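S.K.: Sharing a structure with you now.
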Amino acid sequence: MAQIASGVNEIKSNLGDIRKLINQNAQYDQKKEYQVQVTIIEARGLIAKDADGSDPYVKIFVGKLPPQVTNTKSNASTVVFNQSFTFKDLFLNQIELENQEITLQVIDQNQFATNPLIGQQSIGLSTLYRSNNHEFFKTWLTLIHPDQGIEPQGYLLVSCYIIGTEDRPPVHDINEAKEDDDDGCSFLNIPDEELNDEQRKKKAIWKQPVVPINMPLNKREQYQLLVSIVKGEDLPILTGSTCDSFIACRVGSNVLRTMTVKNSQKPNFQTKMVFPVFFPVYNDKIVIRVWDSRTLRSDNFIAAIPEKPNENDWFNINTLHSRGGTMSFRWFHLYGVPLPERPEGMIDEVVKKLTKQVEGTMYMGRILLSLSLSPNEKAELGLQSLGGYKEPPILKYIIRCDTFELQSSFDCGQYIMIEINFGGQVIRSNLCQKRVDSHEKQKNNQQSSRTRELNQYIWKDSKSQIKDELQIDIPFDQSQQPDVIVSLYSVTPNKKTLDYDVGDMKRQAYIRIKPTSRELEHEQPKWYQLKPVKYKTIQEVHSHLLMNVELKTEMVAKQKTRHPIKRSLKQMYQFKGYLWGGYDLLPSHHSDDTCIKAQLQIGTRIIDVVTGRKGKNVIWNHSLEFLIELDEKLEFSSNILVSFYNKKSSDEEFIGQIAIKAVACEVKIDNKQINIPPPKPKYQFYHIVQEGKSNGRILAAFQLQRSEKTFNQNNDVNEPKYDKILKDQDFKYVQVKFPLIGVRNLPEGIRDPEFVFRIPQPDLKFVITLEERKQRKELTRNYYYEKIITLKNNEEEQEQAEQKKTIGGKIFTMIAEQQKVALKNINFCTILENDISECLKIPVDLQFTPILELEIRDRAAAIKTVRYHSSISLIDYIPWGDVGTKNAKIEFFEIGKLNLMLLQDEDQDAVQNQFNDDDEGDNEDEQDSRENDFDDNRDANLIFTEQFREEVDQQNQNSDDKRRLLSNKNLDKLDGDDQPQSLKNLQNLDSLSKADQKSQFDLKSESKSRATGKTKTSKKSTSSTARKLLLQQKLFESTQTFFNAEFNPSVEFTKSLIDEANFKLEREQKIQKLADLVFELKKMKKKDEGREKQLLREIEDLKNYLVKENIFLEQGDDGAQENFDYGREIVRVPLQDQLEKGLPYKKFRLYMYGNNTHDIGIPTAAVIKAHLKVLEHDIEIIKQRKTQIRETLKNKSNRSSMSLSMRSSIQSNTFKSSRKTSRSQKLGENKPLVSYECEGDDQRFPFDIFKKTFLEFFQKQFELKTRVYLLRCTNISAQASKIEAYHLLAGEAAVCSASSYPWVIVGDGENRGKNIIKNIKDDANIAVDTLNPEFFKMYELDATLPEDWNLVVKIMNKGTAIDALIGQFEIDLEDRVLGQKELRRRIAYQTYIEYFREKCEQYKYNYEIGDKKKNYEIKINELITKIEALDRNLKLPVEYLELKHPEKNTCQGTIEFFLEPFPFDVARIIPPSTIEKPQPMEFEIRLIIWETFDIPISNPIQKSTVDIFLTVSLDSTANIKGEEIVKETDVHFGSENGNGVFNYRMVFPLVIPCSFPRLRLQVSDFSTVGSNESLGETVITLRKALKKLKEGIVFQMPTTKFKFEHPNYPGQDRGCVSISMKIINKQAAESDPVGEGQNEPNKDPILEKPKEGRNVGDFLKGTALDFSAWSFFGLTALKYFAGIFVSIVTMMILFVKPGILVN
C-alpha cells in the first residue's frame, strides 16, 4: 500500500503542477479576484517638515482602487498607527498582477497649506504574491523621497498580504503576534571581549529594564543596478512625419529617462542609468518603456520591455541576481499595437500602470541594452554616459513564403493579401480573389442547413509562391531573434489594373510565429490560425491560413534550392476512425436532455459516424473505415472536422466541433515488408469546442494511410465499413457496490429527491433480465446501466400529508404541498449494487474505463431543473492493472480534462503523444524516433546558445554560496541518474523565506554534456520526463506567441506550511536547549568562559539565520522564554485534510449544470458521502446465477420456493471467488489504488461501511456534546468606512480597524427548552474597534447526528441598526467524529457490541449452538475492555479555518479555535478544557523628570537662550481606554547652556498586556507666538519592565539619563534628560496616591518646586528687554522712573475725578 500511496501522491502532485501551469500560462487575459490587506504598524525617524515636527499620516494605494489613509499623529517622528486596511474587489489578470503595486506614502498634514510628502515606498503585488505565505510580516520599509535621492526619510513597519479566491490569509499564533521593540541591539549575547567600546556601551544600556528605541537596523544589502541603453532601430512613425523617441526606466520607486532623440527611427541614446537596489527586494520589477515625444499633445506609447513580465525573465531583479547579476548586451524587440487598432484609453492605462496588457500585433523596432547588478554601498541615482559596448554576433537569414488558401467565417472583402514582417522588413503575397463555389447550390437542404458559412480564398499554383525572398541580418542567439508576424489585409485595388497602395489596405488578422518554432524549419505547407487584430480573448480565431513559411540561414538556403509547391496532385487514402465514447458532454444540459449525434467531414465527404445515444458519458465503441481522395501532400488538406449535434426530438442543435490536422493522422507503413500488423491507434481526448468553450470531450483516434486502390464512385469499397473497437473478449465482468450514506449541503433543497446511479455500457443485452427488458424497452436505446432510488422517509411524510376532500360527489386526492420540506441534507443509507446476473462490462484496457455518473434530482416533473450531478473515474477502484499503469491512465484522463488550450497549439500531436504510454507492440525504431524527436525539440526550444550557457555557468560558479537555494520542490519524482539536467534545474526553482527575498535560480548549463553526445535513457524515464517537460513547454508556447527572453517555465514561489512549522519548531528547540545550557553554566558559576561564548554565539547564529523569525523571545537575565501556552498541538494546515485519511467513506463533489471550461459543470459545496468497490467475477458464476433466475421466472409459482440454501450457495460461491480475488490482490500488484482500511482502525473490528450494520449508523440518532473553543480571529475584513473629518473633507477614503465590532453566533439550530441548546448568540460580548478580536470562550452545544451534521459559526459585525455578517465557517461533525481514530474505534466497538448482543438474544433459547453464543459473549466483554482502555484525555489540536461569506469569493479572515465533538458518555468523562484570555493587569506609572542637559539652541544667530519644556505621551495600546495620554511639564525659561530643572512628576495609568508599552519624551523650545519648535525626542520601551512587574508588585528605575535624537540632525548630540520611574499596581496606587507635578500629595519623594528659570527676568532673557544686559545704575534709574510714572498717573486720576476718594 505504500507503493500505491506514493504513486497516487505523485500523480496528484503532477496534476496540481499541470493545473497551475495552465492557469498561469494559458489564461493571461482572464481576471481573477484578489484581496489585499495592509497593516501600518509604526513609523520611526520621520523627517520633520515643520518646526514643531511632522504631523504624519499614511496614504495607501493598491492598483487602481481608491486610496485609503490612516489617522494623523501630531508632532512626532516616532509614532504608532497600528491600523489595518482592506482592499477588496481587486480584479487582475496575470500581467496586471505583475505590473501593479502597493504604494505607501507618508505625508505631513498641514491645515492651511499643501501637505508635503515625507517619503514613500512601493511593494510589487507579484513580489508579494510570490513571497512566503503571500505576505510580508512586520517588515521595515525605508522611506525615500523622489527629490532626495536614496537618503532615508524615515522607516515604516508594515505587514501586508494578498490572497486570491483559492488562498487563505496567513496565520500567526499569539506568540508570533507580539511586538518586539528589542531589535536595536543584535549583539546582546556576544561576550564583551569581542565588542568595541561603543558596542559595549550600547550593550550596557540594553541590559537595563528600560531602554530607548533606536532606528531599525538596516540589514539590507545595497547593490547598484546599471541599465545601459545603446540604441534603437526601426522605430515606427506613429503620428506626423517624425519619430522623437525616448526611453523611461522604472526600478522600484525611482524613474529615469534618456534624452529625446528627435527625427530619427534609429536613435542613438548611449546612456547608462544607475539605480540603487536593496536586498531583499520588495518590488522586483524592472520596467522599460519606449515613447514617442509629442510637443502639443500627449506622448505616444510605442512598446514596453519586457512585453509580458515574467518572474523568470531578465527584468526580474531576483532572477537577474541569481544569474550572476550580468546580462550582456542583447537586442530586445518591440511589439505594439498600431494607433488605429488601439482600444480607447490604452495610453492612460499604460501611464498609470493599469494596462490590460494587449498583445502586441505589430513589430515596432528593437532596442540594444544590457543590465548589470553588483554590490555597491555608495550607489547614487543618476544618469551617466555610456562607454564601449559589444553587439551580439549576427547571422544572415533568409525567409521564404508560399500562400495557398484562406478559410474564414468573416467576410474579408473581394481581395486579400498576406504580409510577412520579419525584423522590420516586409514581403507581400499576390492578391487573391474570393472564391464562389459552382456546386454550392447543388447541396441538399439537410447538409446545407448544417454547413456554416465559410469564405474561401485560394491562390492559383502560379500565384501561390512569393517570389521575393527576405534577407536580413539578425542575432545568432535565437532568444534575440524577432517573431515572424503574418498579417491578413483586405485590399480594395483598382478594378482594371489591380494596383493598390497603403491606403487601400485594411488589416484584419495576424499571427506571431516564434523563430524557434519547428514549423519554420521544413519546406511544407501548414495551417495557421489567425487572430483578429481587435480580439476579445487571446484564444479567439479569425481565420485559417494554409501557407509555407521557411526561415533558414543563408548558407542552408543556398544549399537547398527552392522548388515550386504544386497542390493539384491527388492520392487515395484509407481513413480509419475510432470513436470510443464521450465524457462530460454538454455541462449545461441534463443527462436526459443529452443525445449526441456526430458527423464527420473530411475533404468533400460528410458521414454520420455516431447516432444518437442518451447520456453525458456514453460509450459508442464505433470504428469506421473508407477510402477518400485527398491531396497527395496532406499538408494541403483541410482539417478533419467532427461536428456534434444534440438531438431534441426532430431538431438538432449544433454544440461544437473538433478539428484535427490531416497530416497529424498520417500513418506511414513500409509496403515492401510482408505481414506487418496494422498500426495501433493512438487515442487521445478531443474537446468539443464552441465559441472558445468546451462542451465535453471524446476519446478517439484517427488514421490516414496511403492506398493503392482507385476511387470508384459506384464501388462498394467506397462505402464506410463500421465495426466495434472492443469485442466481448476485451471486457471483464464486474459487480459494483456503492454504499450511499447521503447528500450534504445542497445549495437548493429538493422536495422529492431521487438518486440516480448510472454507468455507461457498450450494450445491454447481457445486463437486463427478460422481465426487466419487457418492462423497460427504452433502456436498449440508452446504453447504460441505471438504478434509481427514492427517499423512503419522504414518501411516508408525503403519504401522511395526503388529504381527501369531497367536492360535488367526487373524491379528489390532494397533496398538501406546503407540508413538503425542501431537503438540503438527504440520508439514503443504502447499498447500490448490481446483481451478479447483471454484471457490468468494464474494458480490460484501462484507457477505456467508463465513468460512473451520479445525479440527485427532484422526482416532480415540474421542477426537474433542480439537479446536481457528479462523475467518478473507476480507475482508482479497478482491481486489475499495476500501479504504474493506473497512475499513467489517471494522468491521461486528468490531462484530457485540461488540454483544451493544446488545441490552439501548432503541434498538439507531438505533445499528446507524450501523454500516451507506449504500447507493448511498439517496435524499438518508433520508440527511438520519439526519443530523438523529444531531444530535438528540447535542443530547439529549451536551451540558449553554447556561448551564452558557458557565460551563465561561469557567473553561477562565482556567485555567493549563501544565496543558493535551501530546498528543492520536486516537479516530478524521477530517477536521479536518468533525470535530464534541464528538469533538475527546474526542480531547483523554489522560494526562500520572506526575510531573504534574494531568490535564487540555479540555472546550470546542459550544453556541455549535450556537446559530448546524447545519453540514451530508459524508456520509462524518458517518457515520464518528456511528458512533464514537453507539457510545460507546449502549454507555454500555445498561449505565448511572443517573448523577449528565453523560455523559463513559471514556478510559484511557495513554501509548504508544514516545512515552515517544522523549521520554526526545530529552531525554537535549539535556541531553548542552548539557552538552558547557558543558564546552567551561570547558575553553577562555572568558569568555562570559552564554552559560554561558544553557546552564546550559536544562539546569535540561530537568531540571525536567513529566515527572520518574528516570534518574540524575551530574554531576561536567565535567558528564559516567555510565550503563551496553548496546552495542545497547533495545526496550521486545514485539519480536514488530515481527517479525510481516516474517514470510512469518500466524499464526491456535486456540480450544477452549467458551462465551465475545465470542469464538468459549476462546482458547489455539496458532496455525496459514499464509497465504491469494484468486484471482478468469474463467468461461470454469472452463468449459474442467470440459469437459476431463468428457472425461477419459468415457474413463477415456485419463485418463493427458491430456497435460501440455493441463494446462499450462489452467494457463498460468489464470496469465495471474491475472497480468492482479494487474496490474489494482496499477494500480487493488481489491486485498487483506493485503500479500504481506515488509518488507526482495529483490523479485527473495523468500521466497515460496506456492511449494512455500519451503514445504518448514519440513520440512527447519535447524541453529541459539541464544545467549540473560539480563541481569536485574525485579519478579518473591515466592514465600513471610518475616517477623520480632515481626510473626509479632502475626499479620501479609509476602511480601517476602527470600523469592525465582531461578535459570535454558534450553531444555527433551534433550541428546545433550556436543556437542549443548539444555538448561542453571544451579542453581549462585542470586540470593539479591531480586525483581530480575541474571544477565548467555550460554547457547548447539543447535536444529534445525522440531523445536526453541519456546525455553523458566524462572526457578525455590530451595526447601528442592522448587524452584518463578516464571515462564517462550517464544520462537518460526522467527519470530525469518524475522522478521529479514537472516536471512530469507540463507535465501531459499540456497533459490534450491539450486533453481538442481538445474536445472543437470537440464540437465547437455542441450546444447540451454545458455543457460538458463548463466543459472542467473550467478544462483548473484550470490546467493553477495549472501550475502557481508550484514551480519555483527548486533546484535539488548535486549528485555523477561513471565514467565508456566501456572497464573496475571497476569504474574509481566519479564525483560531479547537473543537471537541464528544459522544455523551465521553463528554461525561472528559471535562471541558480551560482557556483563559490574558487578563489585563492595571498599574500606575509614576515618572519624575528631574533635569535636562545640553539641549541645543534652535537658532543661535537670533537667540542666545532656549525655553525648555518636555512633552511625555503614553501609547494608546498601553491605556485601558485605548486613548493616547499626553502630558507636559512647566517651562524652564532662559537657559543659556541647555540645562533645565523641572522636578516634575507625571502619573500614567498602564494596562498589560499591551502591544506598545512605550513612553515618548519630546523636548521643545517654547514660543509665545507661533508653534513650539521640536528639539529632539526619545522613545523608551517598558517591555522588560513589564516582565519584572509579573515577578513582583513594584518596579523602580533609579535616576537615569536618556539621550535625545532628531531625524533632521542625524548623528548630532541633542542633549539628554534625567528621569526616574516607579511602576506599582493599581491597588497600591489607590491606597497611596501622589499628585501631578509638585501638587499634593507630594511624597515619595517630596519634590521641590524649582525657582531657576521661572522668574520674569528669565522669561525676558535673550530678548530686547533682557535685564541681564543692563548695569546696576541703569537698573536703579529704571526703578526711580517707574515710581515717578506711577505718581503722575495717580495725580491725573485725582484731578479728573476729585471726589473719587470721598466716594
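Cβ coordinates come from backbone N, Cα and C, glycine included.
Dumping what Swiss-Prot says about this protein:
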COMPBIAS  916-928  compositional bias 'Acidic residues'
COMPBIAS  979-991  compositional bias 'Polar residues'
COMPBIAS  993-1009  compositional bias 'Basic and acidic residues'
COMPBIAS  1198-1209  compositional bias 'Low complexity'
COMPBIAS  1641-1651  compositional bias 'Basic and acidic residues'
DOMAIN    18-141  domain 'C2 1'
DOMAIN    207-332  domain 'C2 2'
DOMAIN    1466-1595  domain 'C2 3'
REGION    913-937  region 'Disordered'
REGION    970-1025  region 'Disordered'
REGION    1194-1228  region 'Disordered'
REGION    1628-1651  region 'Disordered'
TRANSMEM  1681-1701  transmembrane segment
S.K.: Any residues 6+ beyond the ends of the compositional bias 'Basic and acidic residues' (1641-1651) with a Cβ under 8 Å from its own?
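M.R.: Hits for the compositional bias 'Basic and acidic residues' (1641-1651): 1486, 1488, 1532, 1541-1545, 1622, 1632-1635.
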S.K.: Can you give the mean pLDDT for the domain 'C2 2' (207-332), rounded to a whole number?
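M.R.: Across the domain 'C2 2' (207-332), the average pLDDT comes out at 89.
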S.K.: So, by DSSP, how many helix, strand and coil residues make up the region 'Disordered' (1628-1651)?
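M.R.: Secondary-structure composition of the region 'Disordered' (1628-1651): 4 helix, 1 strand, 19 coil.
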S.K.: Residue counts in helix (H, G, I), strand (E, B) and coil for the domain 'C2 3' (1466-1595), per DSSP?
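M.R.: Secondary-structure composition of the domain 'C2 3' (1466-1595): 16 helix, 61 strand, 53 coil.
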S.K.: Please count the residues of the domain 'C2 2' (207-332) that DSSP assigns to helix (H, G, I), strand (E, B) and coil.
M.R.: 6 helix, 61 strand, 59 coil
S.K.: By DSSP, how many residues in the domain 'C2 1' (18-141) are helix, how many strand, and how many coil?
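M.R.: Each residue of the domain 'C2 1' (18-141) counted once, the result is 23 helix, 59 strand, 42 coil.
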